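Have a look at the structure below before the remarks.
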């Protein structure tokens, strides 16, 4: 042991004396393993071979099927090699930022609605219009509404891969067993309060908004004909703080009566389906996006769960089809045409979508949706049916959130905590939210 | 030190109970890795699986889209071994230079070294990335290995402090015997700082093994990913997760660090330099 | 004589050259860049605009999260560093005996420091400090009935982080063990002859001889406590909640840099942190002349 160690040290000491080449020599041995791929990078000389980089976030199942779809595409286009880059959601954005700075974004980038404005308005994303016009990116079977979700400042910078809609989940069997009334499709906030009361009496709770007021407060604003952000994205979009006060007053009443899970218990959740309160049998309902239904419903094996619309009044005005995620093409990409071809394949190819199976949201292509129906599981079919219903019972989505919205959402979350922990009166929180949010937006929209 | 029998029994009972408390998380991790997927959450409080699910290790080891954990482990070993050797060797040299020679700018370089540890990584990540991009080092192990051959502040400071516990008279004596500074380093100091070098090696091994933020940023292709990064790829909030596979691989990934520690820890205490001079 | 001294300069630089070169090649540019960004509105995607001292003004005049964040961070540092060091030294002393099982014990005590920041830890932590976790089960057993979630409760959340940090005392323990090993045995033998008891041996020999290592651990643990990120991140999902009670400074900085893309402001935050930690380190070093005992005088 000692001899080996001193030998290494002696060696380095000697090489160190001759100008410190320790770094240089190790450098060679380190790069030995990856010399091969490095050389292929520069082999893009001839016309035919194409190399595309594609990046997405997700978990194991998404990685697995996406890699299979890529393999399928490579088989059909032998000249194309696709290099996948994938990461979990949080890490994905940390990885993407330096790539953008160095001008080395992947050709195809999976985009999220909350980051879309950041990247688009700072000229990182290519305009897809020329490709949809030429048909390279075939959007013949995609509705105008779904396409619009990828526009920023009138430019199509991201292609919607699927849609979700807000929904409530009911554990119908448990409700029936306990004599709890199952609300109708056109239920209201008052009905939700009653549901909470009935559930509480039987020792259950109902699903609350957890920390996601950034989703449900804008929904409420839409139901009363208001919106979260102004059109130019420079200020808060609603004029009267009464909306804020009404929304949180109602929620706080439910919270204080113990209808919904207390915040300290909510805080220890990691956001995985396994800890969902319905799965645990504590709650008779849940509230969230339609795609979240699948994991929860699959875990509850002994009783069926059902999707129901959100409470109203004004459900139709409030509901909208949310682009679940997008593919964008980097402005810096040198192979935009080839990238567009792949995206076109991804959203239109039936066989590919049999692998994807709506995991990235209910597909935007009507043809794909029809083709998938026969192979869906019962729970998947419920989601498709609900989203199809929502297509004709919703209103166009708001434009993607302005820059600074991530910070505004954090502010809303912090204030909601203060409200529920009774650290601040609601009207004061409403005023503070307006003041601070406007300051954030003003700072971000310089 | 020798203890009487009752004292020894008491010692083992107390330390043993404390040790059990300390390794609870590892037991929990190992137990979870052997539970069926749906049991991991529902019986998280229990350390005993209803049945042993070794299939988790198989499904976890498969990795992602054909890249298995064999590849991830291999990558980790390449990165970790090279950067650890580089870090320990270079840090020992630098530490000796800072602790035992007097030269112009010595204080400045010591301050620079300390300051390097105090600046949060988050704000240097981006310029560093741009720099490595200019070097043409992206998508390779170079950004993860090469910088470690230039000394790691933590280890430099650690080794310095150990060198400073060595009596200066030893240096003088060696000088009188005709040793140069290089000789002093190799013959006098090196044999006496064994525990510090081993400690540095253990830490370096673990830190590099556990590091995922640098691999995340500098490596693109999954077949270059180390284990730490691959482990993170299992999870996704909204979909059904292969918890069993994740826990199985998390447990497996601990093995090398535990083994390395167990082998090397005895050198810390027994010392590799028992023949060294005593004060 | 002059030649000799020149040689010493050269020798010094030969030995330190790896660090000097590494600093110039790998560290200087990123560090200076971040300093420059701290005076700009850099948002990663667009060229930065010069703002002068605006970011720093904003920190101290407008940003009311900063105060909270400092409070949380200082509480964390002041509680976790001494706890960790005391535990580490105590356990190192216990394990510095020649027993066959001691290698196993050492490994057991080091293990918690090895589990890092994976999702597995956060799930496990929830099992320990959650509403139905181990801690509550234990409390119920001894007659204290509670179903609070220690992680989710604003008044206890930070203390679960401090507990986690204390529990991971392994790395400091290893360094102490290595330090104890370096104390020549004949010092104790000499003291034994004089009939000194264990307490006096500890205070008269162990502590002074170990003081350079204590200085090291104190400095490094203070620096790293200020930079603690992972446990807070995994326990509060990066939010610093509940009620900002776990909003450690580096968590706040991370959020500014990578979720709000305010790299300019984040850089200003980083430099203020550097100054604070640098100042504290300087204080520790200044005070060390009173309590750290080096074998080499004058160096």
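Cβ coordinates are placed from backbone N, Cα and C, and glycine is handled just like the others.
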TrEMBL annotation (transmembrane segment) - matching range among C:184-209, C:210-235: C:210-235
Segment assigned the feature transmembrane segment in TrEMBL (from C:109-129, C:130-150): C:109-129
TrEMBL annotation (transmembrane segment) - matching range among C:50-73, C:74-97: C:74-97
Other parts of the chain folded back onto the transmembrane segment (C:157-180), taken as Cβ under 8 Å at six or more residues beyond its ends: 72, 75-76, 79-80, 83-85, 87-89, 91-93, 95-96, 106, 109-114, 125, 129, 150-151, 206, 210, 212-213, 216-217, 221, 225, 228, 231-232, 235-236, 241-242, 245-246, 248
